Every structure is written in structure tokens, then in C-alpha cells.
Amino acid sequence: MDAHKVSELKAFVTSCRSDPSILHHPSLAFFRDYLQSLGARLPPQAMSKNPMKGETDDDMTKAAPDSVDKKPEDIELDGELVEPDDGPPQKMGDPSTEVSEESRDVAQTCKAKAMNAMSEGKLDESIEFLTEAILLNPSSAILYATRASVFVKLHKPNAAIRDSDAALQINPDSAKGYKYRGMAKAMLGQWEEAASDLHVASKLDYDDEINSVLKKVEPNAHKIEEHRRKYERLRKEREARKIERERQRQRAEANAVYERGKKESTSENKAFDAEPNDPDSLAALQDGSVISIHSSNELQTKMRAAVCLSRLVILYFTATWCGPCRFMAPIYKTLAEKHRNVVFLKVDIDELGNDAHRWNVNSVPTFFFVKDGKEVDKVVGADKSGLERKIAMHAAKP
């Protein structure tokens, strides 16, 4: 062997001994396959850090991306890709062409010549014959799918995808259309789309070639899906921390208001033995928002908080199946934003049936006006103007 090449090989082996993680680099996938075919055991890839960026899981949690839909660049995927063929698109047939029997016969002759050329390894010549056949008979899905197969052999995945799309447009159940589009997408590293197409092709018309390609494609598709789920989890954790910080901020503001209230007011609320501007009450309410109630205890808590703060409460009973309720929902939300010192509650009668019965709700939508824990008025039905007028009237009262 060439002495220089042997020297380079020795240097590479030395590097691998000092840092075995080198073997897990995507560009060495072929070398790993070779070593494993000889029975070699590779060192496991370190899991404590991101293999490409040196980040721990905690680092990734702190910097989880806003979007998990992008293809991850920091996971190791196997398989060799090809450079995209970005040249001019191949000639396509005119779907509006009326095909005569003679044209079909000539197209079949061209296809036969293309198959002979393909068997002899003359792929470019095969493409020429198939293109001629497609121009003669542009309504044939099999002609497009066959040319797609040749483009796959020529490592021209984009051309193969265009032909596969054309075949599937003509025949949505074209197994070969799905097969060669899946193979082409795999060549471009579009692993999830490739797996999807190949699975459909396998269901329509299984063959060993599809199974062979799927064995290479599926592991990468699974890795990407696992990566996406991980980052989705991290994103949700980050959102939860954000919500918790906001809750703590609101609680701090409520405490500040409470302290000011203790200095400015000497009156006590006798109805529920609570002081005005109680921080728990302020924290329980969400000024300018509609509060959805999901339990009887939660309803009582909001009512008590409103009494503590001498707030007017609008208790809205609704149902998901109710058309008028759907009409009133955005109006109710707008009113909540307008009257920030009024407490706007919403209860689904199917979720809290006992509470609806307790309030004698006979139809929805129904709006109860509650002051100091007592009903003072109500509106039944989708009466927009009546609801607006009564809210303005009662909100103005001390």
C-alpha cells in the first residue's frame, strides 16, 4: 500500500483512540457500517450532552426553540444524501391533449425501447424514450412513474419527485408514484416524508425494494420525531415556568395593593370576614378577562373574592352545543375587557350541572348579576343590548 495513505490511516486511528466519539460523526456512517459488519463493537455515544453542540439537557431546556417544526440539525442521522438536481425541469406532457389509439401504441413502443435501454444501463437514452412516450400519451401515470424510477437511478431526486407527483395526480393510488417519490425524498434527507410515501406504497403494492429502503429511512424518521417530541416537552416546560413567573408577579402586585388598602381603608367586609383588597382575592380574579369555572369550589372562591373586593359579578351559564351562546361568547369577552372592575365568570352547564340546577338555570345563555353574594338581576337569552345596558347600570352603582 501507499506509505502516505498508511500514515494517514495510523493518524486517524490514533485520533479515534483519543476521542472515540469521532466515530459517531455523520460523515463516517459508512465506516461504522463496515466495522460492525466485521463484528466490531463501537463505544456508545455520550447521552449527557448534545453530540453536535455540547449542550446538556438542562441547557437545551433553558434554550428550547420557539418552533419544533424545523428539521433538527443537531441529531445524528445515517444514510448518504445526494446533491439536489436544480437544473431545468424535464419535459412534461400536456394533460389536455386528446390521445388517439395510434399515439398510445407508439407510446408503448417507446416505453419498450426505454426498458431495453435501461436493462443495458443506458439510462439517459431510456429517459429520452420515456419522454417521447409521455408527450404522446400524457394521461398515463405508469409512464411518469417509470421515468421517475430512472431519475432515481440517475440520482436526480427532484426530477423523480416531479414525475411521481404527475403520476399521483393522474392516479392517486399509484404505488410506483409513492414508491419513487419516497425514494427520491430519502435521497434528499426528507426522512419523514420519505417514510410516509414508502408506507403508502407498501400498502398498495408491497415489494422487497420498498422494504429495503424503509429499513434505512425509518430509523432516521423516528429520531427526528423523538427529537421533535423532546423539544415540544421542553417548550411546554418553558411555558409553564413563564406562567408561574407571571403568577408570582401578579401575587406580588396583589400584596402591594393589599398593603396600600390596609393603610387607606378601615372598613371590613362582614359578609365573608375578609378585608378589602385582600391579596388572595385579587390574585383569584383576572381583571379584563372571562374566567372559566370548572368546579363548585372554584365558583365559590371567585364569588368570595368578588365580595371581598365589592365587585359586581356576571355569572354566565352556557353550553358548547348552544348556537346563541356561540354568538354571545365574543360579546361577553369584549364586555369583560371594557368593564375591568366587573368579574365575568363562565360556567358550562354540562360540566357543572349541579351548580346550574342550584341557580335554577332553565335555558342558555343565562346571565346572573350578583352583588355581595346575592342575585340582583339577570338576562336570559342572546340579548346583547339588554346585557350591555344592565352591566353599565349595575357597574355604576356603588
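In case you wondered, yes, glycine gets a Cβ from its N, Cα and C as well.
TrEMBL does not curate its annotations; it predicts them automatically.
What you are looking at is a predicted structure, and each value in this text was computed from that prediction instead of being measured.
The region 'Disordered' annotation in TrEMBL covers 43-107 (among others).
Per TrEMBL, compositional bias 'Basic and acidic residues' is recorded for 52-74 (among others).
The compositional bias 'Acidic residues' annotation in TrEMBL covers 75-86.
Per TrEMBL, the feature compositional bias 'Basic and acidic residues' maps to 240-252 (among others).
The region 'Disordered' annotation in TrEMBL covers 240-279 (among others).
For 259-273 (among others), the entry in TrEMBL reads compositional bias 'Basic and acidic residues'.
DSSP places the residues of the domain 'Thioredoxin' (271-396) in helix, strand and coil in these numbers: 54 helix, 32 strand, 40 coil. What TrEMBL records for 271-396 is domain 'Thioredoxin'.
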Per-state residue totals over the compositional bias 'Acidic residues' (75-86) - DSSP helix, strand, coil: 0 helix, 0 strand, 12 coil
Averaged pLDDT, computed only over the residues in the domain 'Thioredoxin' (271-396): 87
